[in-house]
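What follows is a set of notes on a single structure, which appears directly below.
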């Protein structure tokens, strides 16, 4: 990326020693880590209603029971994860816990599940956010996919700027969303009490049932599938445990409190929305065309989201609170995607550090963010949104499987963890506390394992099978990468014999014609005083070779010139054969190949010059006992580029104090002191 | 391209010293150079009829007069070019003639016009060939564009195999086409004489006139436009004069005879087809829907070509001779494109040799063909065919302008050429011969200049304006390239001061951690006995740096280790600053930067290792007084690639005698002895 564009998008580079200063206070951590968990309120209720609609209006009586099951599960998982946060203040979440307690394979499975999960968080949240925008502005419906792409792009660039600034940008919308939803639920409840109950616009629609009169196993299956869809409300709880090191000290305590708060708010909001939806008789069909009484073209006009219908019913469609709630909902959903942009690159960096992923993922960018991880996530999510046309219905089926895999592995790992703690613990009070934690995690693990099986069965054919394929593929890939790094590491272990100096150095200077780069290569080669020195030229064109020989004697070059024949007009192979002959004659010697190059400043100038030198250089690297020496000659135009780079350096040096000032100013926030 | 695929498509490589053996005897030269000129018979008549159809049937009486003008012009141009072929036995055609006699700018204009012309020859011929296939097999109509792409691909690969083999492959179809057309015209004439005149399927169609009752200037304009379209019959005459060096000795004489023969055959065929089309009352409309009486959906069903209508009228649609003629016509049209695949790369190589085009165009490939020129032409032609949906009507408007620009410049140049010859010639007989040649070229030049103006006026708005833009752009581009090469050539002129040896060599060995590549770089650097040697490491991560320092003392490395600080986690800039400080302290010394690299054998392994060394290397090339030394360490997997390349080399060596045998066998043709 050219310098200026990069700076405009990302801001100025940040010094490594500023890393500690970007830790989060609770009031900033809550919006960052809560957005995912809270935003699922925007679609969890809707997904339950949608699944139950296969039976027409007949099965809607199940809604409160399904929602209750989700709430109970949510509470259990939050309490379970509070144990995790306390036990692992270094963070690492499910991957860390599974690896330490259940072994590396379990850890990799958890990591693979989390990576899938993060990607889907971005895709589902962005898609649902756009649904809520379209509920307020239906004319945007045809631009669903382009809007999704732009959103992902913006998220990626915000995150490339670094974690702290994104935290601040996201605080306001999260709190606005909480206020908005609590407002809808509160005012809605008030209207019930005062005898003016809100009525949803879909209250009088009937739904054409897909399968009438469900009973027995089929009924249980539909109820369980509704429950699976409702479990999307649990996504995002994991994020806090992954991000403990980003919290202010004491990190565990602050993270645990934040997690508890998030759980509480999520339960209140999800419960409230669901009860209000039942009361206002929101009807939401799997397929818009199943709605009996729907106005407009059901193939082109989308249903309004449940949130939009409730806001309209309580405050009136087109009122200021309605637009406020839609805006806050859309924003928090987009910001939920941001949780993944925090978690995914950190997990990637951890895996890269342990050599399970390419080490580029462990490189912090100019702004201290793990740039490559952010880019990888953005690409994957954009790909999913394109493939599934930014449809929440389609994406949601892939979603919860990864989440519950990670949950289950994490909780089972915790049970093991506490068991190990017990063997070393003698203090009865501490033992009792540990026992309690173990019980909580055992219950949590058992519950999430059951839910995992339910999700697998009820969602398998609708898309979850893709996750069942993707996770093992990730695990195998990561194992292969680790094996590669291990093998290379072993191969590169130095040995005493490596220190033995080679006997002699033979310098070969490759010349085509006698221009300044060639002359410079000859003088530089002579300056290194090798044991032997020869200039070699490959005879491709007899006339050129004759001219070279004439120049050679005219300029009285003292280095002998050797001709190499090349009947097939190649350069690389004849040179290679010549070097091999030299090496065979004296295997303990090394060959130094000097290649004159002239460098140009503009990319198009590169096209006008043959690339044979480059190809030869690359090939020579595969030859043992050879070193390849580029002797560059800078053409006038090369100064352009050199100066541009030099100027950038000077500017950066001049800017340093200013930058430090800016960062300090950002730090001067009361909560930061 | 991987080795095997390349060999299958292109055949085995050919030694440079076989170049002389690929010269062409007349019987092989005729089909190669005739296909373009003769194949235009397939569309020239049709284009005249199409233009005259704007007046309905009212203007068709002009057809024989327009055709007569084309025939006269054709004869004049052929005789003119015979003078060129004699005067310039080295070939080079219009570009050569214009450059030598009218100066470099005129030469470049001619070259630009020719390049446009060659590209359009490929596009128009392929499109018309497909029209003739569709006339015999209408169900292929929807696949027009894909068929065109495949045809261009096949042509390119045949030509990448080398000129001789293509000559043989093309002899049969050319002669078949001549026999087929002469057969239609002959049998048609016989049927007129015996009182059973052939009647075209379109004989009873009326044509809805676009502009009724044309008179005065408008009539003249339409007649001239019909003439412009008919002038496509002249395309391809140029090819012989460009290709003189490819003929057997005496090249000029053989080329002249071949050119005369081609002209004669073209006149007979064009005249015959036009007379027969008038006699059989072929009606051809610009737009199929203007045909009154046309059966079928005029928007989807194409008109049959004039050739197809005549073959059907004379021999009966669906008869064996009908299919024979359609096949031969389609084939020769595709082969006409091959003329361009002969001429374009040769012109490109000539221009590259004179530094007007990138020198890659002057590089002969494995099979002695100018591979890059062939690829460039294939890409350009495929682009045109895509853009114009392989429609002859659309492409033809761009066609003749380039051709006549080259014609005119060539003939004007010849007038100058003979003038110069006259000043040195005293022998009256020779002077008379020269005067005669000059007169011929003057008449030719005047005529083609008039036609050029006619074409420009009558075709400008319909597409010729694109050529008017493209040719100057080419000319400017070629001048810019030449200026670049000249400037670089001047800059690279060696000077005595270049020979002064630098005072001292400072070796810097860049290390990240102490693995075998680093150890090898250290020992190699020490083996070159520099004046000073230091190892430098950039401190990105404190822990890594500490480990490196520990290893350093543990392995008792005698080279001192210098730490360079990098607060922004960069490698390139701090190293650059360090080198600049060294250079400032001792400007007459040079710095040798040793970079340890480990090379891997598989492309995906490359992804798993950081590319920072590569980026640093590229940047160091822009630094004066620095040489960059790559010390490679071959990992085990690198052997895979090294062995693959080694094996290819051994196989090639083993195959050499066999290859020579094959070439000799191909040479053992009677006409070759």
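Backbone N, Cα and C atoms are what each Cβ position is placed from, and that goes for glycine too.
Residue ranges A:18-39, A:172-193 are listed, and TrEMBL annotates A:172-193 among them as transmembrane segment. For the ranges A:420-438, A:439-457, A:496-514, the feature annotated in TrEMBL as transmembrane segment maps to A:439-457. Looking up the ranges A:463-481, A:520-538, A:539-557 in TrEMBL, the one annotated as transmembrane segment turns out to be A:463-481. Among A:58-81, A:102-123, A:257-278, A:463-481, A:102-123 has the largest number of CB pairs under 8 A with the transmembrane segment (A:323-347). Under the criterion of 3 or more C-beta pairs below 8 Å, with sequence separation of 6 or more, the transmembrane segment (A:394-418) and the transmembrane segment (A:143-160) do not qualify as touching, having fewer than 3 such pairs. It is A:257-278 that, among the stretches A:143-160, A:213-237, A:257-278, A:368-388, A:463-481, forms the most Cβ pairs under 8 Å with the transmembrane segment (A:172-193). Here the listed stretches are A:58-81, A:102-123, A:143-160, A:257-278, and the one with the most C-beta pairs under 8 angstroms to the transmembrane segment (A:439-457) is A:58-81. Here the transmembrane segment (A:213-237) has Cβ contacts under 8 Å with residues 33-41, 43-45, 47-48, 50-52, 54-55, 58-59, 62-63, 65-67, 69-70, 73-74, 77-78, 81, 117, 121, 124, 259, 262-263, 266, 270, 336, 339, 396, 399-400, 403-404, 407, 451, 454-455, 457-459 of the same chain, all six or more residues outside its ends. By number of Cβ pairs under 8 Å, the transmembrane segment (A:58-81) is matched best by A:257-278 from the list A:102-123, A:257-278, A:368-388. Long-range contacts of the transmembrane segment (A:102-123) within the same chain, counting only residues at least 6 positions beyond its ends with a Cβ under 8 Å from a Cβ of the stretch, are 36, 93-96, 152, 155, 235-236, 238, 242, 336-337, 339-341, 343-344, 347-348, 351, 356, 377-378, 380-381, 384-385, 388, 395, 398-399, 401-403, 405-406, 409-410, 412-413, 416, 467, 470-475, 478-479.
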